[in-house]
């Protein structure tokens, strides 16, 4: 990185400062590139239940320390009402329906690249920036969303529902870097967040147990745990606490006739409030050949008059999977070349053409893989 004075630019950029190292380095890099840089810390959750779980205060202090260090102004904004209406209520509704949602995807679409973008433009910004590990490319009059260069940190999965017009107004400085480089830059420039641990999990839950958090908002409905043969072998405390492919926390044990293989969640019978389980990590009912997706968001319009061969992820960090995507009367159907394990309704499937993230949608149903005739 050159230490020479940057050429001043006229564009004013407001960086979403989370109090983490990625957004900190993003602000620094943009400043070095000559942009007029300011920061903005957004509060998306009201801490009515105390501060022991939520790190917002600490994060704000870290963001302020970084802004002071590099000499930029830090704005603050409260988007808690927008978050509740556009993200959290949907999150609760999905769990109530027995599905497993991903609120981070909706948060990016509705808060970071909508509420924050609108607020930044109101403040007079030309562009916003975030610390996401993605890239953008302007091509043929549209802006594409590309995977981040670091395959271990690529976050395009979480940004697939953000439109090209919003991507065009956004910069992603660390998307061109690998994580160790980002930390090295932060350390070299004495940023307070250089060694700060990456945040994990859902932001509004923090470090508390997920079941304890959910109980505050949704009443638990206990029911039976059944095998695929219909035998009741236990009780669950609520379908919403379980997800497809889950092994831990089922409380099944001591069944003499069952053998030693661990039990896994295979499905949920919502009408009967029954959790369906089976033994073995490779149980056939854990694998799907196809899925149906709805609520599709494309970064840019995608032509699907006929089936199209693409690659897809059905969860974050999964390697890209070959599939054929077609539009149907009920949504979009993706048929995979290889069996897909633990395809989970409520989670997102995201489609790629090479390094370009095209968009994705919410998984509605999965079709079981027919292992007949296969080795």
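First residue shown is number 1, and so on along the chain.
Every residue gets a Cβ built from N, Cα and C, even glycine.
Positions annotated as active site, nucleophile by Swiss-Prot: 107.
According to Swiss-Prot, the feature active site, cysteine persulfide intermediate maps to 203, an assignment based on sequence analysis.
For 16, 17, 18, 19, 20, 21, 22, 23, 42, 131, the entry in Swiss-Prot reads ATP binding site, with the evidence type sequence analysis. Look at residue 20 (ATP binding site): DSSP puts it in coil.
The DSSP secondary structure for residue 107 (active site, nucleophile) is helix. Residues or ranges marked as disulfide bond in Swiss-Prot: 107-203.
In the three-state DSSP reading, residue 132 (site 'Interaction with tRNA') counts as coil. The site 'Interaction with tRNA' annotation in Swiss-Prot covers 132 (among others).
On its own chain, residue 347 (site 'Interaction with tRNA') has 100, 101, 102, 314, 315, 362, 363 as residues at least 6 apart in sequence with a Cβ closer than 8 Å to its own Cβ. Swiss-Prot lists 347 (among others) with the feature site 'Interaction with tRNA', giving sequence analysis as the kind of evidence.
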Rounded inter-Cα distance in Å - residue 16 (ATP binding site), residue 132 (site 'Interaction with tRNA'):
10
Residue 132 (site 'Interaction with tRNA'): which of the recorded positions 18, 20, 22, 42, 107 have a C-alpha within 10 angstroms of it?
22
Near residue 42 (ATP binding site), which residues of its own chain have a C-beta under 8 A away, given they sit six or more steps off in sequence?
16, 76, 77, 78, 79, 111, 112, 115, 116
For the binding-site residues listed here (16, 20), which one has the lowest count of neighbouring CB atoms within 10 Å of its own CB?
20
Using Cβ-Cβ distances, find the residues under 8 Å from residue 18 (ATP binding site) that belong to the same chain and are at least 6 apart in sequence, listing them in sequence order.
41, 59, 63, 131, 199
In whole Å, note down how far the CA of residue 107 (active site, nucleophile) lies from the CA of residue 20 (ATP binding site).
17
Which whole-number value in Å describes the distance between the Cα atoms of residue 22 (ATP binding site) and residue 107 (active site, nucleophile)?
18
